[in-house]
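Undergrad: Quick paste from Swiss-Prot:
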DOMAIN    2-241  domain 'ABC transporter'
BINDING   38, 39, 40, 41, 42, 43, 44, 45  ATP binding site
């Protein structure tokens with residue numbers, strides 16, 4: 001549905017040349033939710049703006065539903081954009097228009113009949129759960145309600161594609177979850193293809209089918225969400241994943257932790273489980289097989305792309321050689337083991 005091929009974008013600022021995107025290729029299959037994650041300044045917003053030609057690429061090809069947008073005239077591009085909805089971090093609603101009026105605006109600009117506008121707006125109000133707010137003005141809406149209006153407006157022309165530019169960044173966690181559930185529901189019910197950019201792995205984890213990691217204008221990793229969470233190939237992907245599951249070392253442990261093994265101190269382990277290793281009784285097997293004890297301090301588990309993953313902090317008690325053998329056993333069964341120190 002969306003195919004970006006060898007996209008580069010270079011900006012000129014006086015005598016400076018800034019490369020925002022460098023040879024980026026990306027394919028978003030029809031009906032999927034595809035996330036692009038990266039830190040601030042990585043090129044995410046430039047990438048998504050190239051997808052509907054709000055930014056014209058310096059080089060490369062932009063295909064949406066088989067049509068190359070880079071070859072179109074302004075008039076042709078305007079018509080093609082009717083198939084591409086877009087929502088932003090800041091909702092960009094017209095303060096002088098009601099909820100109904102904001103959603104109706106694209107249809108009015110397209111010279112749709114008043115009867116058809118009313119029918120379509122009412123459908124969208126029902127879809128986004130705002131049937132009781134049609135006469136309200138943006139100033140009287142919460143952030144989540146404003147974003148729901150923006151989503152409805154973006155869907156007014158029945159687009160095949162929805163672009164989401166940091167659509168939940170300005171929202172609190174509970175509202176973020178509700179907006180993500182709405183996007184997932186719209187994707188499922190309408191078969192809408194969604195390309196979203198974010199700096200939060202939680203967003204990717206909750207609704208995306210595939211994910212790409214962008215850094216300094218380049219895509220450094222891309223795969224299904226389950227594969228990236230199970231087997232991240234780059235340090236940046238690992239960093240984003242760890243941000244979703246983070247266990248702090250208890251303060252009293254941190255104060256007495258030593259970087260080197262000492263008498264009467266035991267290893268403090270961080271164990272990361274993904275895929276099948278989450279369900280397997282590996283801890284109890286290691287305890288029995290190697291005559292060790294494992295004291296669990298804290299643990300956390302979650303899902304991403306249909307795959308479970310988790311993290312655990314634990315003390316390892318027993319003979320040093322038995323402990324090393326137990327660690328190797330866990331690693332051989334796809335558990336990532338890190339010795340944080342000795343306590």
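From the backbone N, Cα and C atoms, a Cβ is placed for every residue, glycine too.
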Undergrad: Looking only at 39, 42, the binding-site residues on record, which one has the least crowded Cβ, with the fewest other Cβ atoms within 10 Å?
TA: 39
Undergrad: Limited to the domain 'ABC transporter' (2-241), I'd like the whole-number average of pLDDT.
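TA: The answer is 94, the mean pLDDT of the model over that range.
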Undergrad: 40, 45: which of these binding-site residues has the highest Cβ count within 10 Å of its own Cβ?
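TA: That would be 45, with the highest Cβ count within 10 Å.
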Undergrad: Just to verify: the residue among 38, 41 with the fewest other Cβ atoms within 10 Å, which of the binding-site residues is it?
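TA: 41, out of the binding-site residues 38, 41, has the fewest neighbouring Cβ atoms within 10 Å.
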Undergrad: An 8 Å radius from the center of the 38, 39, 40, 41, 42, 43, 44, 45 Cβ atoms defines the neighbourhood of the ATP site; name the other residues of that chain inside it, in order.
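TA: The answer, listed by sequence position, is 197, 199, 214.
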Undergrad: Give me the count of other Cβ atoms within 10 A of the Cβ belonging to residue 44 (ATP binding site).
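TA: Excluding its own Cβ, the number within 10 Å is 24.
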Undergrad: What residues, ordered by sequence, lie under 8 A Cβ-to-Cβ from residue 43 (ATP binding site) and sit at least six positions away in the same chain?
TA: 9, 20, 21, 24, 214, 216, 217, 218
